[in-house]
Every structure is written in C-alpha cells, then in structure tokens.
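Scroll down for the structure; my scribbles are underneath it.
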Amino acid sequence: MATLIVPRDVPSANVDAEALRTAFKGWGSDEKAIISILAHRNAIQRRHIRIAYEQLFQEDLIKRLESEISGHFERAVYRWMLDPEDRDAVLANIAIRKPKEDFAVLVELSCIYSPEELLGVRRAYQHRYKRSLEEDVAASTNDDLRTLLVGLVSAYRYNGADVDLSLAKSEAERLERAIRDKTFYHEDVVRILTTRSRPQLVATFNHYKDAYGISISEQLSSDKAGKEFTEALRTIIECIDDPYQYYEKVVRNAIKRVGKSDEDALTRVVVSRAEKDLRQIKEAYHKRNSVTLDDAVSKETSGDYKRFILALLGN
C-alpha cells in the first residue's frame, strides 16, 4: 500500500502552480510551502502542475525548482517531480554512470517491476538519452556480468500466476549443480534467472530450500569466488523472492550511511515506492529493526530533506 497522503479536496493545478510561484519569490524560497504542495500530490496531479506552471509562467517548473533548492532535498524533489517511468530511466542512467556500476538499481527495475513497467522505463530511457538502456548497460559492463544484466533489462517475463512444479524441481537441481561446481556463469543459470516469471522462480527457490536445507541466496553468500557476479545473482534472487525484505535491507543500509554517501539509496526507495508499496516496506523495517522507519529517518536526516522524506512516508 502507498504512504502518499493526498488531501480529499485538492486545489486545481493552476492554484498549486501559482502557490509555488509565490513560494519562489523574495530572498530564498519557502521550502515548507513547496513540501506542503508537492509531497501531497500524486503522479498525475504533479504532471498537471508542471503543465499549468509552464503555461502560466512560460518556465519549466523542474528547472525552477533546481535553481531554488539544493542538496539532497533538491535531488529528492527533482526525482519526485519526474513521471515515474522517466524517473526510473534517470535512476538507471545514474547507476550506469557510477565509477563502479550500481547494478542493484538495474536488478530492481528488471525483477521487481512488472514487464509493462520495465518496458515503460526502457521507452523513457530511449526517449531521454537517444540510446537504448540495453546498449548502455552493455557498454558499461564486461564479460559474464554484461550477459546477465543485458539479459535482465531486455526481458519481458510472463506475468501470470501459473507455475510448473516439475520445472521448478528440475531447475532447482540445475542451479544447485551450478553452485556446487562453481559454474555460476553457465548459460542455463542466466537463462533461468532472466526469463522465468516471478511465481515460477519463487517456486524454484522454495524447492531448492526444501531439497537442500539452505536457501539459494545463503548458499551463494558462502561462496567468495566471482564476488561481483555472485553478488548480482543474490540481488536478483532477493528482489524476486521478497521485494519488501529486499527494499528494507536497502533502506537499512542507506540509513546506516546517511550523512556519508547514501541518501541517494534512501531517496530512491522512498520516491519510487511511496505511491506503490512503501507501507509494506515500513512494516518490514519495523519488524526487522524494532524501530519505525519514520523514527530512523527523523533521527538520521535533517532539514528540508528530512521533512520531505517524512511527508512521503505518510507524516
């Protein structure tokens, strides 16, 4: 469930646009007014505000926001204001351009998003960057990791609930053999993880644990060979097996590093899931850490960034 709180009676897009214009006037901007509007509008409403603002003032709202606010607050608002597919395209591009590619973002898009959502991101990426997501992933990676990640972002998985239990059994056995023989890079491993539907893979992972007494993710984590590739495999498995638990882990690790380098990861999860399933992620966080995510964010962040993230968390 979403955590975004939208008022019952929302002003028109023109009224919101004019209120934002007022917030930009004078010495500095009125950040509280910006948060009170933008952090309480859904994606369609935010798009209408952008359109109204440009029609009224002949100015791009996102660019104006970039000039008025700064730091982590600006980056969070910028990503929030983009259309969801465009935002995910930007996040993918940022991940690809990092000195050490952040493949976790690509795995999230490929394994947690629906096939149609991933296709929308790929279209948005091509429209924004005039290149395909696949070719940029291929250009920034090498060898077996390239094969795996290009396969993921190119996939259009079956989105139904049907499961073939005999196939789950045989593919669990194939994955166990690959792990035992340390042939993680085998084309069968890549094929299974990049093409099977989520329900089919969950059935395979469940059979693996039942048959071998250990989860496939735990089995991989005990092997230090080919660390980057096996880490990518574990991320795929975690995203498919339990997305809420996966996102909880991302947020937990991000909060540990807030103030150092990882507000970006916290922002990514909050802005991309606030209109989807952030409530379940908050519940997973509370269960795992015995503290609410709201309290953790309040303690470890500050200023307008804190106020904005807390608003998206449902405060």
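Placement of Cβ uses the backbone N, Cα and C atoms for every residue, glycine included.
According to TrEMBL, the protein has these features:
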type    : residues                                           : note
BINDING : PHE24, GLY26, GLY28, GLU68, GLY259, GLU300, THR301 : Ca(2+) 1 binding site
BINDING : ILE255, ARG257                                     : Ca(2+) 2 binding site
Alpha-carbon spacing, GLU68 (Ca(2+) 1 binding site) to ARG257 (Ca(2+) 2 binding site), which is rounded to whole Å: 27
ILE255 (Ca(2+) 2 binding site) as reference: those binding-site residues from PHE24, GLY26, GLY28, GLU300 with C-alpha within 10 Å of it: GLU300
Inter-residue C-alpha distance, GLU300 (Ca(2+) 1 binding site) and ARG257 (Ca(2+) 2 binding site) (nearest angstrom): 9
Distance from ARG257 (Ca(2+) 2 binding site) back to THR301 (Ca(2+) 1 binding site), taken between C-alpha atoms, in Å: 11
Cα-to-Cα gap, GLY28 (Ca(2+) 1 binding site) vs ARG257 (Ca(2+) 2 binding site), nearest whole Å: 30
GLU68 (Ca(2+) 1 binding site) CB neighbourhood, other CB atoms within 10 A: 17
Protein Cβ atoms within 10 Å of THR301 (Ca(2+) 1 binding site), excluding its own: 21
Inter-residue C-alpha distance, GLY26 (Ca(2+) 1 binding site) and ARG257 (Ca(2+) 2 binding site) (nearest angstrom): 35
